[in-house]
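Let me begin by presenting the structure, written as structure tokens, before commenting on it.
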Amino acid sequence: MLKMLSFKLLLLAVALGFFEGDAKFGERNEGSGARRRRCLNGNPPKRLKRRDRRMMSQLELLSGGEMLCGGFYPRLSCCLRSDSPGLGRLENKIFSVTNNTECGKLLEEIKCALCSPHSQSLFHSPEREVLERDLVLPLLCKDYCKEFFYTCRGHIPGFLQTTADEFCFYYARKDGGLCFPDFPRKQVRGPASNYLDQMEEYDKVEEISRKHKHNCFCIQEVVSGLRQPVGALHSGDGSQRLFILEKEGYVKILTPEGEIFKEPYLDIHKLVQSGIKGGDERGLLSLAFHPNYKKNGKLYVSYTTNQERWAIGPHDHILRVVEYTVSRKNPHQVDLRTARVFLEVAELHRKHLGGQLLFGPDGFLYIILGDGMITLDDMEEMDGLSDFTGSVLRLDVDTDMCNVPYSIPRSNPHFNSTNQPPEVFAHGLHDPGRCAVDRHPTDININLTILCSDSNGKNRSSARILQIIKGKDYESEPSLLEFKPFSNGPLVGGFVYRGCQSERLYGSYVFGDRNGNFLTLQQSPVTKQWQEKPLCLGTSGSCRGYFSGHILGFGEDELGEVYILSSSKSMTQTHNGKLYKIVDPKRPLMPEECRATVQPAQTLTSECSRLCRNGYCTPTGKCCCSPGWEGDFCRTAKCEPACRHGGVCVRPNKCLCKKGYLGPQCEQVDRNIRRVTRAGILDQIIDMTSYLLDLTSYIV
């Protein structure tokens, strides 16, 4: 009896081993793949029996030899017996292409993804945002995705109006994981055309990913519905407001409570000339708040425009830097009447513009300009303005001079030079993406650390990260370190993390590329060398959010936390831009030691802002009078020539004349007035009172 029981147990073990091996038949080197196999409804796939496979073969013969889904998944499948390949689950107008074309054949193949034993992973992935897409497709292998795009773009009008790279950015697997087709195809396969081609390496990568998963950071979606956000920064006034720049010409305020004000902080969309095509850099470029913004309310904006007075001469548009002042009455809005033009540079092309504005710890304004793709022949026709292209300018905006908007710092390398403009601090840049100032540099020998991304635009391998140093020529300067190109997207410069919540990132320079890849650079305190580190962003487990779209820029709030700005489309009119925040899942979203008191935004209270009504205040508080005004705080109007016969100048070149006189300067006698001798002092008092009332009405 005991021997019989042992024999039955042995048979049971052999049977279990057989079924397990049968289940894994056709799934090459998956190791723990059985745990990952799930159908779209969450159930495990079924092992097809012989009669199911026989029925599939008969259906294949009836269809004229066309391969059905049963032929793709002969062992494990989520479609049983005579279930049709589409199963009614992929009802979409793109699948109406049923004629005998190559596109129709690919669509029939894609329908079979629902029968895949990995269908849940193919359709439900944190990389995707299905709700925002017109196409419901599985994650495609890269080569297969491009094959589908080029084959079907002429047969599916309205759905493939984009480039192959952009289409496959959303519908192709980027991390080398599971993708469709996950069965052998009779074709010459490239390195990423078929999931089975990379299965051997995938398990190794996944095992490494599982080991380091606990070190990943998360991304938290903060705001959506933005239009091409290109920057986010704080004003340093203690209000902890985040100012979000939109390429079309708007600046919006995000409150510490996570709300966006309905009225924009700055609206110059009528002045800004923005590009709507991919690669067109025109638009609102940058914003920088004065270090003493809380008292003087000064901010500096760079944007592209095209004014009539520049119509003569070779140019496509103008890059302009303007100073604005916040409204005296509303701290959440800019007074557009306070605009003062600082700088204008004529541009011939719509790329390599730069335009980043920064204030360094030295209090000077830095303007980073690209080379504008200008050639030597172009420079001869640019009337000298091209001397600034490809340079970092350093200006002192804290000047009391009313006739010029800035002065030149005496420490500029070309302060006394006749060969270079004195504004130039460094030169030789090509296409500076984004630059950032480290607010707490660790090197005691360097009091200013500016890190910039730059590229000459010819190929991805030319991308570099530069540390800007006074007087240096960066024409052929190598990058801080040689890093492997992780995609064909251009680099997007970020920020040196000096926040509190993600303390593991402290001191790291966080940046990425347009295609959504992230990296960090860290400087060794001993060797002073920069070291590259990938930035791991988790997409599951302790992380609830995930990143999607193209990286447009990075941002930093008043607490030093770093943000990511993205958009899924390149059109400025679409509201699909998002703002993400990098957070450490190992720590609370707002640790107690990271909290800071929020100070309500206040209106300007300086003496100049209160009393200077007929002019503008410099950043240092001096009241500069507008034409026609003079005196303390510009209260006295000027009339040239001066008013005569006791007239009073009440407005520029406007005299208030005494009774009996008229003309611009009260020089004429009014002969229409009847001259009646007044015999009493009462009549004189009445005349003087009437004159004073008229004068008071003008002054008020």
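A Cβ is built for glycine as well, from the same backbone N, Cα and C atoms used for every other residue.
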Name the residue range among 207-219, 285-297, 376-388, 389-401 that Swiss-Prot annotates as region 'Interaction with SHH zinc binding site'.
376-388
Using a Cβ cut-off under 8 Å and a sequence separation of 6 or more, which residues in the same chain sit near Cys649 (disulfide bond)?
Thr636, Ala637, Lys638, Cys639, Ala642, Cys643, Cys655, Leu656
Close approaches to the domain 'EGF-like 1' (607-634) from elsewhere in its chain (Cβ under 8 angstroms; 6 or more beyond its ends):
290, 292, 296-298, 325, 328, 338, 340, 397-400, 402, 651-653
Which numbers of helix, strand and coil residues does DSSP report for the domain 'EGF-like 1' (607-634)?
8 helix, 8 strand, 12 coil
Where Cys655 (disulfide bond) sits in the secondary structure, as DSSP reduces it to three classes:
strand
Distance check, please: Cα of Asn416 (N-linked glycosylation site) against Cα of Cys634 (disulfide bond), rounded to an integer number of angstrom.
35
Rank the disulfide-bonded residues Cys216, Cys402, Cys500, Cys639 by the number of other Cβ atoms within 10 Å of each Cβ, and give the residue at the low end.
Cys402
For Cys624 (disulfide bond), which of the listed disulfide-bonded residues (Cys218, Cys500, Cys612) have their CA atom within 10 A of its CA?
Cys612
What does DSSP call Asn416 (N-linked glycosylation site) in the simple three-state scheme?
coil
Residue from Cys402, Cys435, Cys500, Cys666 whose C-alpha is spatially nearest that of Cys623 (disulfide bond), among the disulfide-bonded residues:
Cys402
